[in-house]
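Structure, as structure tokens:
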Amino acid sequence: MTPDAEPLHSKAFPVSWDQFHRDARALAWRLSGQGEWHAIVCITRGGLVPAAIVARELGIRVIETVGVASYHEYKDQGQLEVVKPVNGALIDMDGGQGAGILIIDDLVDTGATARVVRDMLPKAHFATVYAKPKGRPLVDTFVTEVSQDTWIYFPWDMGFAFQPPINKRSEG
Ligand SMILES: O=P(O)(O)OC[C@H]1O[C@H](OP(=O)(O)OP(=O)(O)O)[C@H](O)[C@@H]1O
Ligand SMILES: Nc1nc2[nH]cnc2c(=O)[nH]1
Ligand SMILES: [Mg+2]
């Protein structure tokens with residue numbers, strides 16, 4: 001990065017467990033009435049927690065995973081790797097191509113992960129809790145949009161930490 005270059009993610013959006021539960025439940029509300037799905041395919045690992053909440057709300061008991069990893073270094077996207085493919089029998093149900101399947105992930109950012117999974121299941125419905133503008137066109141249903149330069153901090157990535165009083169904090 002050149003010295004005066006803008007950092008890619010200059011804003012932070014920390015999400016508590018309470019907030020995440022509310023937002024994932026809001027996703028389930030938006031999905032209810034939009035279709036009948038016989039299975040969820042969640043994109044691990046980030047999709048695991050919202051998939052559990054949506055599955056509980058919509059009464060879906062068949063949960064499959066597809067493993068995709070690309071942010072190997074904190075905040076930096078590297079080579080996208082499919083670490084676990086989708087079960088072929090599930091793709092072929094209901095006429096094939098993922099018809100009747102609900103894909104769940106925590107967020108779309110650049111859309112690279114969504115594009116790869118959509119190619120595997122072109123007829124599935126793709127849902128995320130959060131969406132950034134670049135990835136938004138790839139998502140059928142989401143709850144909250146955040147700007148492209150925001151990094152979302154999920155509750156499972158954070159912990160309680162001491163906060164120094166405001167008047168003791170040094171500048172910069
Ligand atoms: O739209 P993109 O730019 O592709 O980014 C979105 C993906 O990045 C994160 O996954 P990550 O690769 O960090 O793996 P993880 O779910 O195991 O944390 C997140 O859970 C999404 O799956
Ligand atoms: N935790 C987290 N992972 C991501 N992967 C891609 N974008 C993000 C983000 O904003 N937050
Ligand atoms: Mg992920």
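Any Cβ shown, glycine's included, is placed from N, Cα and C.
Among the features that TrEMBL reports, domain 'Phosphoribosyltransferase' is placed at 16-162.
In the three-state DSSP assignment, the secondary structure recorded for Thr110 (GMP binding site) is coil. Taking Cβ-Cβ distances under 8 Å and a sequence separation of 6 or more, the neighbours of Thr110 (GMP binding site) in its chain are Gln77, Lys132, Lys134, Gly135. Under the heading 5-phospho-alpha-D-ribose 1-diphosphate binding site, TrEMBL lists Arg45, Gly46, Asp105, Asp106, Leu107, Val108, Asp109, Thr110, Gly111, Ala112, Thr113.
Counting only same-chain residues six or more apart in sequence, the Cβ atoms lying under 8 angstroms from the Cβ of Asp106 (Mg(2+) binding site) belong to Gly46, Gly47, Val49, Pro50, Thr128, Val129, Tyr130, Ile152, Phe154. What TrEMBL lists as Mg(2+) binding site is Asp106.
A strand conformation is recorded for Ile152 (guanine binding site) in the three-state DSSP classification. The annotation guanine binding site is assigned in TrEMBL to Asp109, Ile152.
As annotated by TrEMBL, GMP binding site applies to Asp109, Thr110, Gly111, Ala112, Thr113, Trp151, Ile152.
Under the heading xanthine binding site, TrEMBL lists Asp109, Ile152. Taking all protein chains in view, 20 other C-beta atoms sit within 10 angstroms of the C-beta of Ile152 (guanine binding site).
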Of Asp106, Trp151, Ile152, binding-site residues neighbouring ligand 1, Cβ under 6 A: Asp106
Site of maximum Cβ density within 10 Å, from binding-site residues Asp105, Asp109: Asp105
Sequence-ordered binding-site residues from Asp109, Thr113, Ile152 with Cβ under 6 Å of an atom of ligand 2: Asp109, Ile152
Leu107 (5-phospho-alpha-D-ribose 1-diphosphate binding site) CB neighbourhood, other CB atoms within 10 A: 21
Residues Asp109, Thr110, Gly111, Ala112, Thr113, Trp151, Ile152 [recorded GMP binders]: greatest CA to CA distance in Å: 17
Structural state census, the domain 'Phosphoribosyltransferase' (16-162) (DSSP three-state): 49 helix, 41 strand, 57 coil
